[in-house]
Amino acid sequence: MSMAPYMKSYVKRIAFFMSAYVVILIGGLTYHRTSEPTELVSIGLALITALPVCGVFWTIYRLLIECDDEYQRMLFVKQVIGATGATLVITTVWSFLKTYDVLAFGPQWVAVIWFAMLGFAGPIVRWRA
């Protein structure tokens, strides 16, 4: 079975942004740990490293726009909504645990939590469809 054109574009974009992320992250962390960058350079490294992750969100948006199969689009929208809801629940509980000094730090890496929830939501949405 061949892959739909919108999925081919999605896979290419994800591969590009994740490859760029790995290269930028390794390069940025190596530079940051082996030298003494100024605060401005550190901010620049952080922003450059975040760009491919933002690209993944854009890629998911483009998939929703380009998908010409209404049923598949509906399933993916449900997956995105489920992932977003689960992420909001997790970070809300986490924030209150921080507020009441149960945890020493608050929610970080929310994008990673969201991507994980997107992965968990996919099979659930398709199973319930």
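Here the Cβ of each residue, glycine as well, is placed from N, Cα and C on the backbone.
Within the chain, the transmembrane segment (12-31) has long-range Cβ neighbours (under 8 A, six or more residues past its boundaries) at 37, 45, 48-49, 51-53, 55-56, 59, 62. Residues or ranges marked as transmembrane segment in TrEMBL: 12-31 (among others).
Here TrEMBL flags 43-64 (among others) as transmembrane segment. Residues 6-7, 9-10, 13-14, 16-18, 20-21, 24-25, 28, 31-32, 37, 73, 76-77, 80, 111, 115, 118 of the same chain sit 6 or more residues outside the transmembrane segment (43-64) yet have a Cβ under 8 Å from a Cβ within it.
The feature transmembrane segment is assigned by TrEMBL to 76-97 (among others). Sequence-distant contacts of the transmembrane segment (76-97), counting only residues of its own chain at least 6 positions beyond either end whose CB sits under 8 Å from a CB of the stretch, comprise 60, 63-64, 67, 103, 106-107, 110, 113-115, 117-118, 120-122, 124-125.
Residues annotated as transmembrane segment in TrEMBL: 109-127 (among others).
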